[in-house]
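**Q** Quick one: the structure is below, and I'll ask about it shortly.
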Amino acid sequence: MRLSEFTTLFLLFSVLLLSASAEQCGSQAGGALCASGLCCSKFGWCGNTNEYCGPGNCQSQCPGGPGPSGDLGGVISNSMFDQMLNHRNDNACQGKNNFYSYNAFVTAAGSFPGFGTTGDITARKREIAAFLAQTSHETTGGWPTAPDGPYAWGYCFLREQGSPGDYCTPSSQWPCAPGRKYFGRGPIQISHNYNYGPCGRAIGVDLLNNPDLVATDPVISFKSAIWFWMTPQSPKPSCHDVITGRWQPSGADQAANRVPGFGVITNIINGGLECGHGSDSRVQDRIGFYRRYCGILGVSPGENLDCGNQRSFGNGLLVDIM
């Protein structure tokens with residue numbers, strides 16, 4: 001064999017060897033997914049054994065989570081989730097011991113087609129950033145001079161702080177159970193019997209009789225928040241439809257300055273208290289979380305982040321714990 005032919009074969013073999021050794025999936029491979037239903041390990045390799053799929057070893061396409069067509073691993077990895085919520089397991093937080101885990105989040109998301117999987121990669125990343133930002137504000141344990149800044153302390157609390165009431169509104173459709181209280185719980189701090197009832201029905205759990213499941217079962221906890229996010233409550237659109245660009249404001253919305261963007265989501269969640277009166281520290285806190293999370297995911301936050309000049313849709317359905 002001539003020297004030139006040997007050199008060519010050697011170079012070809014080297015290229016193939018390097019290609020074979022490159023990471024295959026997840027954050028190490030630009031969000032790529034594994035084929036044939038394989039798990040993506042925390043190191044970026046595809047496989048089907050415990051080293052790839054086991055708790056703590058799997059970053060995406062994990063057992064119990066959504067499949068390749070609806071997987072969140074291409075949008076947010078376990079390590080990104082931990083970076084965003086890096087103080088959620090602080091000793092001062094109710095959610096310590098990893099209650100709000102990545103696996104619980106991904107598992108819950110699998111029950112809601114379209115969540116974090118609608119549109120192009122920019123739209124998907126913005127939805128995850130917006131969801132985690134709004135829920136981080138609702139559960140934050142941060143303060144202005146907190147270590148790593150105020151926007152690193154989301155998902156600290158499980159239950160509404162202080163001495164909340166029972167949040168029971170007389171209802172024949174969603175009757176309050178004796179001795180049960182419907183104060184804020186979980187990532188979105190869902191409150192009131194008229195929210196616990198339909199949420200429980202949607203996710204297949206009796207939350208009217210067992211409201212504290214939202215603060216004791218991690219998957220149910222995330223499901224309660226994603227249910228609220230995905231569900232329109234007239235005249236409000238769903239948060240999902242707003243952030244993915246599916247919502248088109250009506251004439252009444254435009255007259256109220258309610259235009260597509262993160263600000264309308266704040267209006268949906270707690271506009272009766274936070275929107276329509278100029279600058280509000282709670283709104284700015286939500287925006288601060290959103291900007292930070294968009295930065296981690298490598299996407300711009302878009303426009304219309306504030307709701308200071310928007311008229312509210314009506315009274316907020318949730319309790320604000322700030």
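The backbone N, Cα and C atoms fix where each Cβ goes, glycine too.
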**Q** Going by the disulfide annotation in Swiss-Prot, which one of Cys25, Cys53, Cys93, Cys156 is bonded to Cys39?
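**A** Going by Swiss-Prot, Cys39 is disulfide-bonded to Cys53.
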**Q** Among Cys25, Cys156, Cys168, find the residue that Swiss-Prot gives as the disulfide bond partner of Cys93.
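**A** Swiss-Prot annotates a disulfide bond between Cys93 and Cys156.
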**Q** Going by the disulfide annotation in Swiss-Prot, which one of Cys294, Cys307 is bonded to Cys275?
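**A** Answer per the record: Cys307.
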**Q** From the disulfide entries in Swiss-Prot, identify which of Cys176, Cys199 pairs with Cys168.
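**A** Here Swiss-Prot pairs Cys168 with Cys176 via a disulfide bond.
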**Q** Identify the disulfide partner of Cys40 as annotated in Swiss-Prot; candidates are Cys25, Cys58.
**A** Cys25
**Q** Check the Cα-Cα distances from Cys53 (disulfide bond) to the disulfide-bonded residues Cys25, Cys40, Cys168, Cys275 and tell me which is shortest.
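**A** Closest candidate to Cys53 (disulfide bond), judged by Cα separation, is Cys40.
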**Q** About how far apart, in whole Å, are the alpha carbons (Cα) of Cys93 (disulfide bond) and Cys168 (disulfide bond)?
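**A** Counting only the Cα atoms, the answer is 27 Å.
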**Q** How many Å separate the Cα atoms of Cys46 (disulfide bond) and Cys275 (disulfide bond)?
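**A** Cα-Cα distance, Cys46 (disulfide bond) to Cys275 (disulfide bond): 46 Å.
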**Q** Say you check the Cα of Cys25 (disulfide bond) against those of the recorded positions Glu138, Cys156, Cys275; which is nearest?
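**A** Closest by Cα: Cys156.
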**Q** If you count Cβ atoms within 10 Å of the Cβ of Cys39 (disulfide bond), leaving out that atom itself, what do you get?
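**A** Cys39 (disulfide bond): 26 neighbouring Cβ atoms within 10 Å.
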**Q** Cys40, Cys58, Cys93, Cys156: which of these disulfide-bonded residues has the highest Cβ count within 10 Å of its own Cβ?
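**A** It comes out as Cys40.
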